[in-house]
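*Asks:* Sequence annotations record features per position, and here Swiss-Prot assigns region 'Disordered' to 1-29, 208-281. Feature annotation from Swiss-Prot assigns transmembrane segment to 45-65; the stated evidence is sequence analysis. What Swiss-Prot lists as domain 'BRICHOS' is 103-200, and the listing cites sequence analysis. If you look up Swiss-Prot, you'll see CYS130-CYS192, CYS295-CYS299, CYS296-CYS336, CYS306-CYS330, CYS310-CYS326 marked as disulfide bond, on the strength of similarity to another entry. For ASN256, the entry in Swiss-Prot reads N-linked glycosylation site, with the evidence type sequence analysis.
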Amino acid sequence: MAEGSEKVPIARAGPEDVEQGLPPAYTAAVPPPGPGRLLKAGATVLIAGALLLLAGAIGAFYFWKATERQVYNVHYTMSINGKVQDGSMEIDAGNNLETFKTGSGSEEAVEVHDFQIGITGIRFAGGEKCYIKAQPKARVPEVDAMTKASLSSDLEDEIMPVRFDENSLIWVAADEPIKHNGFLSPKILELCGDLPIFWLRPTYPKDKQRERREMKRNKRQSESNFDAEHRAAAAEEVNTRSTPTQLTQDLGPQSNETRPMQQESDQTLNPDNPYNQLEGEGMAFDPMLDHLGVCCIECRRSYTQCQRICEPLLGYYPWPYNYQGCRTACRIIMPCSWWVARIMGVV
């Protein structure tokens, strides 16, 4: 009877099975999966893949829109010593960065302004060093498409003028590189790569230093003369204050008649617009903005500012000079009115 059974035991019941009351295992014929089950599995995989692709497309679209709003590039041309070179400016409002590139190939210079930490990084193509210097901290606001188009048209229509004075400020690298770079941002670390990083210190030629001392001396003298004249004028005003009553009466109606015209002209201008404030001399800019090269106070148009980055000569300072191997890095300088308008979000 056991030989004619269709079920063949493949394992004998062990002691554990006996204790647990489990029957011995038998082989059983498993039917193959039908085509309907395979179709369902394939449809599930296709639907899941389509949903993943749709989610990825939506995420990429929103990421592109956000990046397009916060980062934009402007290309321009400039003439340096009679040679026309290409330049570009990239403003990254999301990371509070500005990047300037000058030249191409072995003559390329890259300058990164990190307004978050207040440090500028400079690197030259083929150079063996990377340079950093301090800069003012600021906040780069987002710029809409209309402002991008107007700024691009202003910079791309003509060759940018270049200001490069041989007797101006010179940046000389320190003798030793920095030992710790933990205070630098990822963008500047990416710019420098594996190169040693050196601080830049400002240096003026000897003739320029003499001129600066003379300017400071003349400024102090002019301020002292102005104070003396101001005191004399104040004393004279006190002595003559009680006499010109008739002149005040004659000028009173005239000033009242012209006052509505003054108010009407003021209403035609937006008092919150920095450009209008500058026209009326109602906005004063810090001279350090111009000195540090952040913007130009007296300019109405942008221009390209070039600076010399030099290596220390390790000689006697300041005669005849203490630097060598100078290279040029250029970037665009905008008017201070445009700069302040950006910070205030007007443009």
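Heads up, the Cβ atoms here are built off N, Cα and C, so glycines get one too.
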*Asks:* In whole Å, how far is CYS296 (disulfide bond) from CYS330 (disulfide bond) when you measure between their Cα atoms?
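*Replies:* With the alpha carbons as reference points, the distance is 15 Å.
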*Asks:* Given the disulfide-bonded residues CYS295, CYS299, CYS306, CYS336, find the one whose Cα is closest in space to the Cα of CYS192 (disulfide bond).
*Replies:* CYS306
*Asks:* Between the Cα atoms of CYS326 (disulfide bond) and CYS336 (disulfide bond), find the distance and write it as a whole number of Å.
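*Replies:* Approximately 29 Å lies between the Cα of CYS326 (disulfide bond) and that of CYS336 (disulfide bond).
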*Asks:* Over the domain 'BRICHOS' (103-200), work out the mean pLDDT and round it to an integer.
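*Replies:* Here the mean pLDDT over the domain 'BRICHOS' (103-200) amounts to 80.
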*Asks:* Do me a favour and check the Cα-Cα span between CYS310 (disulfide bond) and CYS130 (disulfide bond); whole Å is fine.
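*Replies:* Between the alpha carbons of CYS310 (disulfide bond) and CYS130 (disulfide bond) there are 12 Å.
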*Asks:* In the three-state scheme derived from DSSP, which category covers CYS336 (disulfide bond)?
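*Replies:* Going by the DSSP assignment, CYS336 (disulfide bond) falls within a helical segment, counted as helix.
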*Asks:* What subset of the disulfide-bonded residues CYS130, CYS306, CYS336 lies within 10 angstroms of CYS299 (disulfide bond) at the C-alpha level?
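*Replies:* Cα filter at 10 Å returns CYS336.
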*Asks:* If we check Cα distances from CYS130 (disulfide bond), which of the disulfide-bonded residues CYS295, CYS296, CYS306, CYS336 wins as closest?
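*Replies:* So, of the listed disulfide-bonded residues, the one sitting closest to CYS130 (disulfide bond) is CYS306.
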*Asks:* Distance between CYS306 (disulfide bond) and CYS336 (disulfide bond) at the Cα atoms, whole Å?
*Replies:* 18
*Asks:* In whole Å, how far is CYS336 (disulfide bond) from CYS295 (disulfide bond) when you measure between their Cα atoms?
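*Replies:* That comes out at 5 Å between the alpha carbons.
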*Asks:* Taking the disulfide-bonded residues one at a time (CYS130, CYS192, CYS295, CYS296, CYS326), which has its Cβ surrounded by the most other Cβ atoms within 10 Å?
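*Replies:* Checking each of CYS130, CYS192, CYS295, CYS296, CYS326, the winner is CYS130.
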*Asks:* Which three-state DSSP class does CYS192 (disulfide bond) fall into?
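*Replies:* The three-state answer is helix.
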*Asks:* Within 10 Å of the Cβ of CYS330 (disulfide bond), how many other Cβ atoms can you find? Include all protein chains, please.
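*Replies:* A count of 23.
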